[in-house]
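Notes follow once the structure below has been shown.
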Amino acid sequence: MKYELQTTDGRARRGRLIFERGVVETPAFMPVGTYGTVKGMTPEEVKDTGAQILLGNTFHLWLRPGQEIMKLHGDLHDFMQWHGPILTDSGGFQVFSLGDIRKITEQGVHFRNPINGDSIFLSPEKSMEIQHDLGSDIVMIFDECTPYPADWDYAKRSMEMSLRWAKRSRQRFDELENKNALFGIIQGSVYEDLRDVSVKGLVDIGFDGYAVGGLAVGEPKEDMHRILEHVCPQIPEDKPRYLMGVGKPEDLVEGVRRGVDMFDCVMPTRNARNGHLFVTDGVVKIRNAKYKDDVSPLDEHCDCYTCRNYSRAYLHHLDRCNEILGARLNTIHNLRYYQRLMAGLRQAIEEGKLEHFVVDFYQRIGKPIPPLAEKDVAAGN
């Protein structure tokens, strides 16, 4: 993988990630394909929304179908018939979300298989091996996703263990002679001094890109913005920056304003299945009775298959009848909305008009613009 930074506007960056399997224009949003599928969508449909890269889930694919089944097909690309780049998370977030059925040690995490109750062990080394078999174009290190809230002492211990695990991940990745990219994950909760130690430690080890982890886990938005403003300038300029698990459309806009290149989240697909649809002027809750006789398209500004062919009344009808087609059409639209948003951000950065884009975006959805830190405002001048 190679990253090319093309231009900037303030802290925002316009670039591209170059893989053997294709080019990803950044800033980019990655749809989530937890089990080797973006729920309800064929790979061709996902590609038609403008998606350039997908996220797969190491933990879930390890449990089902398992490494051996994957290798029978070749790798995850062959298994799911997506031939563009794939990023896989390390499994850390899922393991640490298991709560009482897992035990953390220096070596890794012991836990009960949530499917059949078997005792399983996942370590940095094992995570690298699974992701190698998946053929991931971007491999994520195995780390502890520090919960929120966490006091400073706990966050420090967690971050320091994640750094030790980062070294072990790097070593095993290299031993496997994996020619793809390996990203480090910056931890430290909401504490700037701990984030500083994490960034420096990861840069000293050396990675192909750097993710900001441990955000979007319940902390106030102001803390997320503050940490991004503090951390992003410390990441080497020639390496991509990835904000994990984020998020709402406005979170993507704010991440881009602060220098983030990559995002992922289940929100557009999960919300689609619940009838919560993102449009240019905000949100349409399609199961609301007021849409039962609305013959207008979902979003007159959108060029997706759903908006070109169907009315709000039809989508409302499908939702009320629990028809599978409704979830599919909603998902097509929400994913296209996210990709159109990212394309708009990329164009605005290219033209040096990002803040004009931001003003228009917030006016349309009827929300105030979160302030940038003074140093970030200065960077835009």
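From the backbone N, Cα and C atoms, a Cβ is placed for every residue, glycine too.
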Asp89, Ser90, Gly91, Gly92, Phe93, Gln187, Gly214 bind substrate per Swiss-Prot; candidate in Asp137, Asp143, Asp261 listed for that same site: Asp143
Region 'RNA binding' according to Swiss-Prot, located in which of 7-13, 112-118, 175-181, 245-251: 245-251
Candidates His276, His333, His356, the one Swiss-Prot lists with Cys302, Cys304, Cys307 as binding Zn(2+): His333
Range among 99-103, 124-128, 269-273 that Swiss-Prot annotates as region 'RNA binding': 269-273
Residues of the parent chain within Cβ reach of the region 'RNA binding' (245-251), under 8 Å, 6 or more residues beyond its termini: 93, 215-217, 221, 224, 263-265, 267, 278, 337-338, 341, 361-362, 365, 367, 370
Of Gly91, Gly214 (the binding-site residues), the residue whose Cβ has the fewest other Cβ atoms within 10 Å: Gly91
Euclidean distance between Cα atoms of Asp264 (active site, nucleophile) and Gly214 (substrate binding site), Å: 14
Rounded inter-Cα distance in Å - Cys307 (Zn(2+) binding site), Asp143 (substrate binding site): 41
Sparsest Cβ surroundings (other CB atoms within 10 Å) among the recorded positions Asp264, Cys302: Cys302
Span of the substrate site, taken as the largest CA to CA distance across Asp89, Ser90, Gly91, Gly92, Phe93, Asp143, Gln187, Gly214 (Å, rounded to a whole number): 16
